[in-house]
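Pulled from Swiss-Prot:
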type	residues	note
DISULFID	Cys54-Cys72	disulfide bond
DISULFID	Cys65-Cys78	disulfide bond
DISULFID	Cys69-Cys116	disulfide bond
DISULFID	Cys71-Cys87	disulfide bond
SIGNAL	1-17	signal peptide
Amino acid sequence: MKLSALVFVASVMLVAASPVKDVEEPVETHLAADLKTIEELAKYEEAAVQKRSCIVGSKNIGETCVASCQCCGATVRCIGEGTKGICNNYQTNNILGQILLYAKDTVVNTAGLLVCAQDLSEYE
């Protein structure tokens, strides 16, 4: 009886002392695969947003422009007159005012795409 109790205690100690890496590795591998998938989706989404916002315009914020349709972005406008314009957003410190400016610029840019070719032909 003492021998069976000793064997049982030794077995329990052996099981408790053995490493449990078999359970942790698949979880780490699964998390790494999920992270890689999320990073790929984020890159694809960023590229899709850039492609969608730059259908016509090819100039980024800070570059010179002639018409707003040259600027890349839904709310980015060509600020300035003639050939001295710069692609940028109109800014205000008021949050509600900024939302209204973004909405106005989006509508103006959308309507401006219809007459963009005519505006650019004047400066060529």
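Cβ coordinates are placed from backbone N, Cα and C, and glycine is handled just like the others.
Keep in mind the model is a prediction, meaning the values are calculated, not measured.
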- Message: Please identify which of Cys71, Cys78, Cys116 has the densest Cβ environment, defined as other Cβ atoms within 10 Å, among these disulfide-bonded residues.
- Response: Cys71
- Item | For Cys116 (disulfide bond), the three-state class that DSSP assigns | helix
- With every protein chain in view, how many other Cβ atoms are within 10 Å of the Cβ of Cys69 (disulfide bond)? 21
- Quick one: Cα separation, Cys69 (disulfide bond) versus Cys78 (disulfide bond), in Å? 8
- Note on the structure: Here the disulfide-bonded residues are Cys71, Cys72, Cys87, Cys116, and the Cα closest to that of Cys78 (disulfide bond) is found at Cys87
- Query: Near the Cβ of Cys65 (disulfide bond), how many other Cβ atoms are there if near means within 10 Å?
  - Reply: 23
- Query: How big is the gap, in Å, between the Cα of Cys116 (disulfide bond) and that of Cys71 (disulfide bond), rounded to a whole number?
  - Reply: 11
- Query: Here are some disulfide-bonded residues: Cys72, Cys87. Which one has the most Cβ atoms within 10 Å of its Cβ?
  - Reply: Cys87
- Between Cys72 (disulfide bond) and Cys87 (disulfide bond), what C-alpha distance do you get in Å? 8
